[in-house]
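Single-structure report; data block below.
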Amino acid sequence: MVLWSKFPRVLCFAPTQVFIMAHVCIHWFRKGLRLHDNPALMAALRDCKELYPLFILDPYLYDQNRAGINRLRFLISSLQDLDCSLRKLNSRLFVVRGKPEEVLPKLFTKWNVTKLTYEYDTEPYSRSRDKNVTMLAEEQRIQVIYKISHTLYDIDRIIEENNGKPPLTYNRLRDIVKALGSPKKPIPAPTVEDMTNIAPFSEKHKPEYGIPSLEELGLDTSSLAEEIFPGGEQEALRRLDTYMQRTGWVCSFEKPNTSPNSLSPSTTVLSPYVTFGCLSARTFWWRLAEVYQGRKHSDPPVSLHGQLLWREFFYTASVGIPNFNKMTGNPACTQVDWDENQEYLAAWREARTGFPFIDAIMTQLRQEGWIHHLARHAVACFLTRGDLWISWEEGQKVFEKLLLDGDWALNAGNWQWLSASTFFHQFFRVYSPVAFGKKTDKNGDYIKKYLPILKKFPPQYIYEPWKAPRSVQQAAGCIVGKDYPRPIIEHEVISKKNIQRMKQAYARRPSGSTESPTKKQGVKRKAPSVVDLIQKKQKRS
């Protein structure tokens with residue numbers, strides 16, 4: 001998409017001769033922290049004599065209250081990797097701090113900019129920001145170009161194809177994108193040849209526009225754990241290559257059959273790289289398509305292609321549903337009278353619930369910045385409708401800060417789903433904070449890893465240490481109530497009570513409520529939940 005200023009950039013000197021202006025261009029990196037499949041960057045290189053690859057540390061997005069230390073470390077690693085790749089092209093990354101609406105006009109003037117390019121972003125904050133920046137650019141006669149490459153499809157087009165409304169069921173989204181055809185194929189990264197006519201960067205800019213360290217951002221790194229998932233495009237592509245070589249694993253992948261509490265990840269852990277744009281979703285899609293070609297493979301919603309379509313589903317919902325990250329003012333969200341219990345919220349956030357499976361998950365989240373999707377199910381259900389009856393908005397804030405792959409649309413959408421507020425309405429299905437973990441880890445090795453205080457408990461007690469006799473607790477060197485907290489609630493009792501509370505909340509919903517996906521849009525039949533789809537898939541196989 002090209003947004004033209006009031007003054008054209010083509011200078012005509014004769015009827016038969018057209019001269020194209022050589023631009024001074026800023027390519028504004030935001031989420032697309034990569035060179036491959038970056039059409040906005042390639043647009044910047046066209047007719048360009050000077051290029052300023054720019055990243056802005058926006059305080060709204062990267063304030064320490066919103067982004068935890070693991071997330072910021074991943075960002076810094078990604079920026080360092082991007083800078084390294086740009087330097088191989090005789091360029092570099094310029095990093096500045098501040099509000100984009102304040103920073104960019106100053107740089108437009110300082111660098112005599114004539115063109116601005118960036119990747120399209122669907123978040124409400126980003127759309128408002130980009131609208132303001134575009135107006136400021138046009139005031140300075142600057143051409144603005146944006147390209148869609150963070151999602152598989154044009155999200156606005158999906159909504160348009162659904163009569164101007166976001167599809168509220170996964171199947172409906174699949175029908176729409178099937179009609180649209182396969183996603184566009186990714187484009188190659190720029191080469192040195194693409195940079196031939198562009199002036200090389202000057203080292204004199206280095207001190208002023210360098211990438212800050214975590215310490216320079218005011219963060220205390222003394223207790224920072226080992227970086228398990230380094231950020232950056234090169235690491236993303238390396239991981240992608242590694243997994244694509246495992247053709248049997250890729251073709252048989254079914255998300256529900258992976259383990260939430262394995263000692264090493266049972267999924268790809270490519271989500272942080274897709275979130276930050278170190279890996280293009282389209283590149284991921286087409287690499288999978290190459291592996292699938294001519295082989296029997298799993299299908300959406302449980303396959304790896306299916307996971308990318310879930311991402312598209314929540315992105316579409318986030319664009320089409322007002323106030324998507326809130327309960328109030330969200331027409332798709334069931335209105336629930338959640339409790340405000342700061343003590344319970346803190347216990348959940350700080351891994352002090354007294355349920356080892358829940359506390360181990362929250363410990364891993366805080367230490368590493370990543371937890372398995374089904375582990376997210378367990379702790380989200382526990383916080384909301386399952387046990388503590390605390391608003392999903394509170395959990396959303398914690399995940400946004402701690403997750404490496406914290407994505408505004410996916411985070412809000414999944415929390416609504418798991419709290420049975422939107423999309424998923426089988427609120428009577430509750431994850432047990434004890435039994436669920438036992439299914440895949442009877443010995444509690446996962447708990448022992450993240451809660452070493454419990455590592456000497458025998459398997460029959462490690463999920464419920466409060467049931468261990470005093471002698472067993474003493475032998476394990478951990479007295480419940482002293483060295484490890486007692487359960488803050490009685491799950492068997494409170495979960496049944498909460499099911500009744502959810503039933504009452506559903507009874508208060510207006511008839512014909514727009515949020516209910518129990519009817520497939522345009523067709524009077526029950527829309528299957530993800531559980532139904534998985535069961536159907538298992539029956540077929």
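Each residue, glycine too, has its Cβ placed from N, Cα and C.
Features of the protein shown, as given by TrEMBL:
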| type | residues | note |
| --- | --- | --- |
| DOMAIN | 23-152 | domain 'Photolyase/cryptochrome alpha/beta' |
| BINDING | 267-271, 307-314, 405-407 | FAD binding site |
| SITE | W338 | site 'Electron transfer via tryptophanyl radical' |
| SITE | W392 | site 'Electron transfer via tryptophanyl radical' |
| SITE | W415 | site 'Electron transfer via tryptophanyl radical' |
| REGION | 503-541 | region 'Disordered' |
Within the domain 'Photolyase/cryptochrome alpha/beta' (23-152), residues counted as helix, strand or coil by DSSP: 58 helix, 31 strand, 41 coil
For W338 (site 'Electron transfer via tryptophanyl radical'), the one of W310, G406, W415 that lies nearest, given that the recorded positions are compared by Cα: W415
Spatial separation of W415 (site 'Electron transfer via tryptophanyl radical') from L308 (FAD binding site) - C-alpha basis, Å: 18
Residue pair T267 (FAD binding site), W415 (site 'Electron transfer via tryptophanyl radical') - Cα distance, angstrom, rounded: 20
Candidate with sparsest Cβ neighbourhood (10 Å radius) among W338, W392, the listed recorded sites: W338
Which of T267, W415, the listed recorded positions, has fewest other Cβ atoms within 10 Å: T267
Cα-nearest neighbour of W392 (site 'Electron transfer via tryptophanyl radical') within the listed binding-site residues, V269, W310, E312, F314: F314
Residues satisfying Cβ distance under 8 Å from F314 (FAD binding site), sequence separation of at least 6: A409, L410, A412, G413, N414
Within the predicted model, mean pLDDT of the domain 'Photolyase/cryptochrome alpha/beta' (23-152): 97
L308 (FAD binding site), number of other Cβ atoms within 10 Å: 20
Rounded Cα-Cα span from W415 (site 'Electron transfer via tryptophanyl radical') to W310 (FAD binding site), Å: 14
Cβ contacts of S271 (FAD binding site) (under 8 Å, same chain, 6 or more positions away): W370, L404, D405
